Amino acid sequence: MAVAVGAFSLREVLDAFRRCVTEQREVLLEPYLSGWRGLIRFLQSLGAVFSFISKDAVAKVTLLEGLCQRQRFVSLQSMVEQELAAGPAALRARPDSGCRTVLRLHRALRWLQLFLEGLRSGDPRTSVLCTDAYNASLAAHHPWVVRKAATLAFCALPSREAFLEIMNVGPPEEAVVMLGEAIPYIGDVYSITQELFEQHKLLDLP
């Protein structure tokens, strides 16, 4: 999976999401995809527990990269505008559209945002943090059997200290500080995407 080679670095994710949003509040797809490649490395570093999410994210990022290369999409806004030009019905009929692909990543980004916020807060119960974040985001879009398997898998999560070590930015205190810097950028990208998809009634794409 060439999309996620190398060790996870929270600093790289921070830099990517910092570059995502322009002064005009457009979300640039190149740094968005770069940020996601970093988040996938984070998920993969945790092993099989998150494979049901990381495998799907790898597939979605790869698909979106291909679309950006073929269609010359630069920003999320231009992609939505171009795909909607064919009409809402045509867009809903396309399982490989950029809008549908981003929507799946968007939901997973919310889960990661909430989970990282929990890690930063200092609560040592990572399984509780992860389950709460999952229930508030991805769970509503997964069938019962996946929800049950995910909740059980989260019980085997490593400690908060282990998570902070995986961030690869030095001592735990530095990881907490950098999480504090990164989370608002991730949240900004999430909020802009949510508003854009709400505006064009794309939040329930099949």
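Using N, Cα and C of the backbone, Cβ positions are placed for all residues, glycine too.
The domain 'Glycolipid transfer protein' feature in TrEMBL is assigned to 28-168.
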Helix, strand and coil residues within the domain 'Glycolipid transfer protein' (28-168) as assigned by DSSP: 111 helix, 2 strand, 28 coil
Mean of the pLDDT scores, which run from 0 to 100, over the domain 'Glycolipid transfer protein' (28-168): 90
